[in-house]
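> The structure under discussion is supplied below as structure tokens; questions concerning it will follow.
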């Protein structure tokens, strides 16, 4: 909810600022054309045409997004949002008051309830589960294979890395370091995850993540590639500030959750796939077939592969997400 409100404020303030720039530059163009129409000298006419072209290029540069290769773009957006938000603070307060009211009510509920959950509070205590963000990147990329595992995406990431080798190497080193620290110190094996064999994460943990002590470290380069791919795909159409906001919102959603559950990934994944702007029919068909196959497998396992616990509660148990 906070992410939606922040993106709304981002679009509202930057669009308003862009409209103001367009209006100001258009007025300059009109005034200049009026002046130049009264000039009789051919030299002055040619000079006016050149100035007019320069003004148009200024207008074009203001009405389009800056190149993502400019390092100052993010800071320029932050400065513009802060400045515009302060100037339009009352308009923003009126427009986004429903979000503010919902946030206040949520804080009151957490204070009154003593926890964010209604059930077993001790089993869902907030924990620094940084590895959760890495798991999300792997699951999300695997659910969008035509986008993140295509040859074109490999080439694009290689070109971006090669274009700014020193900066890219620094970013890669930071990402890998954070990844290794996350899986070593902030990887949580929740008791529910270890005990309940009715859910798929139980088998993913046993067969993949915890198969060998080195496995969690060997997956860090893959996690790193996934996040670089995700951020590059989002950065093609979105402002850098939006991408940073998405990353922070995803981390704020997943890190406090100690239990590995695919349902925790649904909202961040929906935002990801909706803003990835997948336009080719081939990718949609491939992903649709894959989703249908996964759903058919899940329904088959649930309906036709029941089992019983020998040392626990009686009754039929079934596999589910």
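Cβ atoms are placed via backbone N, Cα and C, with glycine included.
Caution: TrEMBL annotation is automatic and unverified by curators.
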> Scan 44-68, 169-193 against TrEMBL and say which stretch is down as transmembrane segment.
169-193
> Which one of these stretches, 70-91, 92-113, shows up in TrEMBL as transmembrane segment?
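Per TrEMBL, the stretch marked transmembrane segment is 92-113.
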> Would you please say which range out of 34-69, 214-249 has the annotation region 'Disordered' in TrEMBL?
34-69
> Taking contact to mean 3 or more CB pairs closer than 8 A (sequence separation of 6 or more), are the transmembrane segment (284-304) and the transmembrane segment (133-157) in contact?
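Yes, these stretches are in contact.
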> Taking the transmembrane segment (169-193) as reference, which of 92-113, 133-157, 213-234 has the most Cβ pairs under 8 angstroms?
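The listed stretch sharing the most Cβ pairs with the transmembrane segment (169-193) is 213-234.
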> How about long-range neighbours of the transmembrane segment (213-234): same chain, 6 or more residues beyond its ends, C-beta under 8 Å?
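Residues 131, 134, 137-138, 140-141, 147-148, 153, 156-157, 160, 172, 175-176, 179-180, 183-184, 187, 242-243, 246-247, 272, 275-276.
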